[in-house]
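Right, one structure below, let's go through it.
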């Protein structure tokens, strides 16, 4: 295997070590069915993190996806409550997610303002819209909208060939986004845009169209996550995506993406999602409080990112150490 997959292999090895270590504490962690079906608790983070990787590779960022999930979730509930057939309500919810992404892209392209600032604004815009819809539907505060058909609420809890449906959808997204980013001309354009937007523009690369596609895909993935979460919990709430921001960005960075753009890996992000998700699961099964598990997750991110930085710059570090050895301080 080529050296460029070295980081992904290191993450995979770390994932195996993590599972074995938690399995030594609690043998249930080594049960295959438990490992597969526990992914339903966190795999929606991965569904959003995959297209987010491409946005970050392009030199942008989107921190509004959590609010997009909440808006799409409550919109699905309101549509169903209003008598819209469930298939049509799901389709309209997916279109709403893509529209949220296009709003982000349009504001970024035409205002030339930093994507972090724009998506911070839309984060509050979409969150406020979700609360407004929730209030209009009579679901005050964070009270959910329920009463969905059993066929819909069972969907996210089904399994096909022994695999839970949310995990299957994640694997399909993984394949599609990996092929698009790493095996197509359009995907190569994303890397070029992240490395130098000006050069990409002068090279006749459709920068604006590419950015619209990337942010729309992130919005669409957020809507898919919203539909799965509503099905999984049986309730549409405006706060469903509130806790997704940091885990998703952590997975993208941990997976090898450069936060300044120009490099990243879909496979790396996918493995990092499992790494972070199983870390939380393992700590909970070990009886560790949530506050401590969050701190440990942050510590893991710091250690791994520092390790990756050392790995990437090991030649410069060796040269610096050699110079210090030859010229010791008095």
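Each residue, glycine too, has its Cβ placed from N, Cα and C.
In Swiss-Prot this protein carries:
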TOPO_DOM  1-4  topological domain 'Cytoplasmic'
TRANSMEM  5-25  transmembrane segment
TOPO_DOM  26-42  topological domain 'Periplasmic'
TRANSMEM  43-63  transmembrane segment
TOPO_DOM  64-67  topological domain 'Cytoplasmic'
TRANSMEM  68-88  transmembrane segment
TRANSMEM  89-109  transmembrane segment
TOPO_DOM  110-115  topological domain 'Cytoplasmic'
TRANSMEM  116-136  transmembrane segment
TOPO_DOM  137-159  topological domain 'Periplasmic'
TRANSMEM  160-180  transmembrane segment
TOPO_DOM  181-209  topological domain 'Cytoplasmic'
TRANSMEM  210-230  transmembrane segment
TOPO_DOM  231-237  topological domain 'Periplasmic'
TRANSMEM  238-258  transmembrane segment
TRANSMEM  259-279  transmembrane segment
TOPO_DOM  280-285  topological domain 'Periplasmic'
TRANSMEM  286-306  transmembrane segment
TOPO_DOM  307-330  topological domain 'Cytoplasmic'
Residues of the topological domain 'Periplasmic' (280-285) by DSSP state, where helix covers H, G and I = 6 helix, 0 strand, 0 coil
Request  = Take the topological domain 'Cytoplasmic' (1-4) and average the pLDDT across it for me.
outcome  = 49
Message = Applying the under-8 angstroms CB criterion, which one of 43-63, 68-88, 89-109, 116-136, 210-230 scores highest with the transmembrane segment (160-180)?
response = 43-63
Task = List the helix, strand and coil residue totals of the topological domain 'Periplasmic' (231-237) as derived from DSSP.
result = 3 helix, 1 strand, 3 coil
Ask   = Is the transmembrane segment (89-109) packed against any residues at least 6 beyond its ends, judged by a Cβ distance under 8 Å, and which are they?
value = 60, 62, 64, 68, 71-72, 75-76, 79-80, 115, 118-119, 121-122, 126, 208, 211-212, 214-224, 226-227
Same-chain residue ranges lying at least 6 outside the topological domain 'Periplasmic' (280-285) that approach it to Cβ under 8 Å = 18-19, 21-22, 25-26, 28-29, 38, 41-42, 292-293, 296-297
Ask   = Per the definition of 3+ C-beta pairs under 8 A with sequence separation of 6 or more, do the transmembrane segment (68-88) and the transmembrane segment (210-230) touch?
value = yes
Ask   = So which of 43-63, 210-230, 286-306 has the most C-beta pairs under 8 Å when paired with the transmembrane segment (238-258)?
value = 43-63
Remark   = Ranking 43-63, 210-230, 286-306 by Cβ pairs under 8 Å to the transmembrane segment (259-279) puts first 43-63
